[in-house]
Amino acid sequence: MDAVLLLIGVISFVVGLRVFLTKNRVQRLLYLCCLNFAISALIALYIKSPMGGVVAAAYFIGSTLSSNAIAHTIGKVQRLEGRGEW
Amino acid sequence: MEVSWVELIKLLISTGVCWTNFVLIDTYFGLPRKPGVLGAEVIGKTLEKMGGDLNGGYFMGNIVCSPDASAGTLMAAIFYYLLGFKGGLIATLLVYIGNRLCNDPGYAGTFGTFSATVIIHLLSGFIEPRYFIGGMIMAIFTIQGLYHVGASKVLGYIGRKLGMI
């Protein structure tokens, strides 16, 4: 356990808590983005081999793709409902 | 468990380097100017309604929805830590593929990854690559995890200062 791991652990804990506490769906997506960064960094730091890098990259690109899809869907739904409130 | 001052100073320096690298490159490639995808537009408009800055919100939305220079800096740090300079080049290729998968026409991610690799390589004598991983998480936390309205204002201000909006 060193400073880098401790810092990333504390940050992911704080952000993970805020994901549950916030009510706004869009803000939750922003916190999740930060959490994804932290998790892929932890994967790479724990699995200290080239395979760890591949796993971290795969997780990261996959999570970005799903965030993209969720945000896109929120936008589409709001357009369909035609309401100004987000 | 003890945390030395040297480690903390290295972490702070790498945070500053990562923050500057990805904010400048993303701003230069026009992330705050327009939302690249529909999802980013939603995030920008939501933050504007909450009292933030529209262009800063677009910036944050683009970070969420597509691998840009912030994702690139993290990938470069991870792959440099595991594989050295070659790893940084592999990370550049991966981010390029990720950009195409997310229907993002820009090259901010690809360029940001490459520049981060070069910067980490130049600084590797003083700061080990693992500190850049921590520094990048710290940098993204200040933008996406701390206070969204304030962060969007700062990003919008920087975009206007650089004349990119």
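Glycine is treated like the rest: Cβ placed from N, Cα and C.
As annotated by TrEMBL, transmembrane segment applies to B:12-31 (among others).
The transmembrane segment feature in TrEMBL is assigned to B:78-97 (among others). Remote same-chain partners of the transmembrane segment (B:78-97), defined as residues 6 or more beyond its termini with a Cβ less than 8 Å from a stretch Cβ, comprise 67, 71-72, 109-110, 112-114, 116-118, 120-121, 124, 129-130, 132-133.
Sequence annotations record features per position, and here TrEMBL assigns transmembrane segment to B:109-127 (among others).
The annotation transmembrane segment is assigned in TrEMBL to B:133-155 (among others).
Long-range contacts of the transmembrane segment (B:109-127) within the same chain: residues 10, 13-14, 17-18, 21-22, 25-26, 29, 66-73, 75-77, 80, 85, 88-89, 91-92, 95-96, 98-99, each at least 6 residues beyond the stretch ends and with a Cβ under 8 Å from a Cβ of the stretch.
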